[in-house]
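Could you have a look at this structure, given as structure tokens, before my questions?
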Amino acid sequence: MTKLSVNINKIATLRNARGGDVPNVVKVALDCESFGADGITVHPRPDERHIRREDVYNLRPLLQTEFNIEGYPSPDFIDLVLKVKPHQVTLVPDDPSQITSNCGWDTKANLEFLSEVLDGFNTAGIRTSVFVAADVEMVEYAAKAGADRVELYTEPYATAYPKSPEAAIAPFVEAAKAARKLGLGLNAGHDLSLVNLNYMYKNIPWLDEVSIGHALISDALYLGLERTIQEYKNCLR
Ligand SMILES: CC(=O)[C@@H](O)[C@H](O)COP(=O)(O)O
Ligand SMILES: NCC(=O)COP(=O)(O)O
């Protein structure tokens, strides 16, 4: 079964627009779980423009499903993750000024750094995932660094999908096969949507998890959160 982890960054963005507590991030996360989400993803950024450190602490004891924290492994981020002990940490090579994640790690060039960081999380018993492009060599070096999983950066797939689904998925199938051969778990995310998710699932049914935020929360404006989550789950069958 491929799990659906709902990324709730956009809920925090909406809340922060007014400075109050509407919508309440914890309540939305718990509702996502009761509507069928298999996990909750957050990506706290250094400027706290959406998810705040405080949100991460508030969510941890209340979530019933898998908690995935994504981010660049700065000392602050590492400290937060080790204190909160989520089920999974996903390392993303983001610069603090980026609008959103826009690439995977160069796992070869950063092998030493990633090995050291992953070792700390592995020792703490937190499952690790490394965000990589659909590139077999990057997957291989993520395994060398000691990752439990890789998360394939799917923006290039989502962008290429409308023109040619077959061409869009091809490098992802290769990278996914490499991950499976190496015994790595497999996640995917970024710009996945109701348009492109089922095709990815059909071609890579051994995906462990997809994390989806932007499109899912946007769809919920029209369909409502409960129906939206069900529709995304239907794409994973
Ligand atoms: C790693 C990844 O692709 C997502 O976490 C994405 O970066 C969402 O972050 P934002 O919501 O800040 O765009
Ligand atoms: N890891 C990807 C994620 O959490 C959500 O990305 P997006 O759906 O907001 O593009």
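Here the Cβ of each residue, glycine as well, is placed from N, Cα and C on the backbone.
Automated prediction, rather than curation, is the source of TrEMBL annotations.
Summarising the annotation, TrEMBL assigns active site, proton acceptor to H43, E70. According to TrEMBL, the feature active site, proton donor maps to H190. Annotation comment: TrEMBL describes N7, R18, D191, G213, H214 as 3-amino-2-oxopropyl phosphate binding site. Annotation comment: TrEMBL describes R45, H50, T100 as 1-deoxy-D-xylulose 5-phosphate binding site. According to TrEMBL, the feature site 'Transition state stabilizer' maps to E151.
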Please report how many Å separate the Cα atom of T100 (1-deoxy-D-xylulose 5-phosphate binding site) from that of G213 (3-amino-2-oxopropyl phosphate binding site), as a whole number.
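With distance taken Cα to Cα, G213 (3-amino-2-oxopropyl phosphate binding site) is 12 Å from T100 (1-deoxy-D-xylulose 5-phosphate binding site).
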Round to the nearest Å and give the CA-to-CA distance linking H190 (active site, proton donor) with H50 (1-deoxy-D-xylulose 5-phosphate binding site).
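Per the Cα atoms, H190 (active site, proton donor) and H50 (1-deoxy-D-xylulose 5-phosphate binding site) stand 17 Å apart.
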Can you name the residues of this chain that are 6 or more positions from H43 (active site, proton acceptor) yet have a C-beta less than 8 Å from its C-beta?
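Set apart from H43 (active site, proton acceptor) by at least 6 residues yet with Cβ under 8 Å, we have N7, N9, H50, I51, I69, E70, G71, V92, S101.
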Round to a whole number and give the Cα-to-Cα distance in Å for the pair H214 (3-amino-2-oxopropyl phosphate binding site) and E151 (site 'Transition state stabilizer').
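Distance (Cα to Cα, whole Å): 17 Å.
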Work out the three-state DSSP category of H214 (3-amino-2-oxopropyl phosphate binding site).
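DSSP assigns H214 (3-amino-2-oxopropyl phosphate binding site) to helix.
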Among N7, R18, R45, T100, G213, which binding-site residues lie by ligand 2, judged by Cβ under 6 Å to any atom?
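Checked binding-site residues vs ligand 2; flagged N7, G213.
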If you count CB neighbours within 10 Å, which one among the recorded positions E70, E151, D191 has the smallest count?
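Taking E70, E151, D191 as the recorded positions, the minimal 10 Å Cβ count falls on D191.
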